[in-house]
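Visitor: Submitted below is the structure of interest, expressed as structure tokens.
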Amino acid sequence: MATDEFSSSTTPSYDYYDYTNESGLPPCDETDWDLSYSLLPVFYMIVFVLGLSGNGVVIFTVWKAKPKRRSADTYIGNLALADLAFVVTLPLWATYTALGFHWPFGSALCKLSSYLVLLNMFASVFCLTCLSFDRYLAIVHSLSSAKLRSRSSILVSLAVIWLFSGLLALPSLILRDTRVEGNNTICDLDFSGVSSKENENFWIGGLSILTTVPGFLLPLLLMTIFYCFIGGKVTMHFQNLKKEEQKKKRLLKIIITLVVVFAICWLPFHILKTIHFLDLMGFLELSCSTQNIIVSLHPYATCLAYINSCLNPFLYAFFDLRFRSQCFFFFGFKKALQGHLSNTSSSLSAQTQKSEIHSLATKV
């Protein structure tokens with residue numbers, strides 16, 4: 001496929017932009033997609049298997065722990081739900097790529113799958129932002145934030161997250177469609193119903209800003225501000241942390257890890273998209289070789305973003321003793337949990353171990 005024909009059809013991308021020659025840019029050399037046809041489907045299926053199983057376990061564990069669920073757990077469960085909604089579309093995109101960007105599934109699935117991809121992106125970053133805000137309230141305003149962290153407030157915030165995410169992703173549902181190009185049917189952005197050819201670049205640019213600003217930059221700025229305040233608070237009281245505050249600090253480390261990994265996974269994608277946007281609008285004048293590099297790197301930057309959807313459950317398992325304990329407890333691995341506790345503190349009596357098992361599986 002030639003570079004000047006490369007469009008948002010080439011990946012299940014978070015997708016409001018286009019690498020086409022309709023921008024008035026000179027035609028460039030061809031880009032060889034043979035490696036992508038073979039490599040990307042395998043990668044998609046690995047993410048699908050890990051994401052489906054890992055996020056499924058998270059959702060089940062959070063659901064089973066309802067009586068003692070932390071406010072953070074509710075956001076974590078919804079983060080897993082957003083990731084799960086995305087990874088179930090990956091077999092379709094794997095098939096699409098393996099067939100040389102040929103979409104055999106019809107217009108409805110083209111629209112729905114693209115919509116779920118964008119819905120995941122927005123819902124994930126908004127859940128992480130709310131997690132960060134929840135930790136900010138719990139640590140910086142622990143005495144005065146009870147009402148804001150109540151169950152009803154959390155449910156309202158989740159409703160706003162999903163509604164706002166659904167609205168921001170809606171252009172993908174409207175604009176994505178199938179079209180025939182040569183021997184292939186591709187799933188692509190179609191602006192013919194809303195714009196003339198001359199104004200398509202403005203739509204692409206506007207939608208690109210829509211994904212980058214509320215979908216990455218603004219949430220990342222808010223999370224950075226929250227953690228600056230949290231860092232100041234924790235530093236001031238580091239020597240006098242009570243047991244409850246130590247638990248908050250452990251949970252804080254987990255959430256910071258989630259945010260950092262999210263930023264690392266998404267940053268290359270947004271950098272490439274921003275460079276393309278600036279080139280498209282005439283703020284940059286990229287050579288053909290540079291355009292080809294951007295085009296070639298884009299599917300792999302998108303894949304790095306996809307990794308985030310299957311990494312989170314493994315981060316919980318690695319960093320959060322409480323989550324591991326809940327998994328052991330709810331899936332019936334009580335002997336394994338007892339062994340884990342025995343290694344941690346061999347002096348515990350049998351009765352204490354039994355109590356600790358239940359405590360780890362249900363409490364903060």
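Each Cβ is built from the backbone N, Cα and C atoms, and glycine gets one as well.
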Visitor: Quick one: which of ASN21, ASN343 has N-linked glycosylation site in Swiss-Prot?
Guide: ASN21
Visitor: In Swiss-Prot, CYS110 is disulphide-linked to which residue out of CYS28, CYS187, CYS228?
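Guide: Of the candidates CYS28, CYS187, CYS228, the one Swiss-Prot pairs with CYS110 is CYS187.
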Visitor: Both TRP33 and ARG322 on the same side of the membrane in Swiss-Prot, yes or no?
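Guide: No, opposite sides.
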Visitor: Using a 10 Å radius around each Cβ and counting other Cβ atoms from all shown chains, which of the disulfide-bonded residues CYS110, CYS187, CYS288 yields the largest count?
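Guide: Within the set of disulfide-bonded residues, the most crowded position is CYS187.
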Visitor: Round to the nearest Å and give the CA-to-CA distance linking CYS110 (disulfide bond) with ASN183 (N-linked glycosylation site).
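Guide: One finds 18 Å between the Cα atoms of these residues.
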Visitor: Same chain only, sequence gap of 6 or more: which residues have a CB within under 8 Å of the CB of ASN183 (N-linked glycosylation site)?
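Guide: Listed in sequence order, they are HIS102.
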Visitor: Just to verify a number: CA distance, CYS187 (disulfide bond) to CYS288 (disulfide bond), in angstrom, no decimals.
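Guide: Cα to Cα, CYS187 (disulfide bond) and CYS288 (disulfide bond) are separated by 25 Å.
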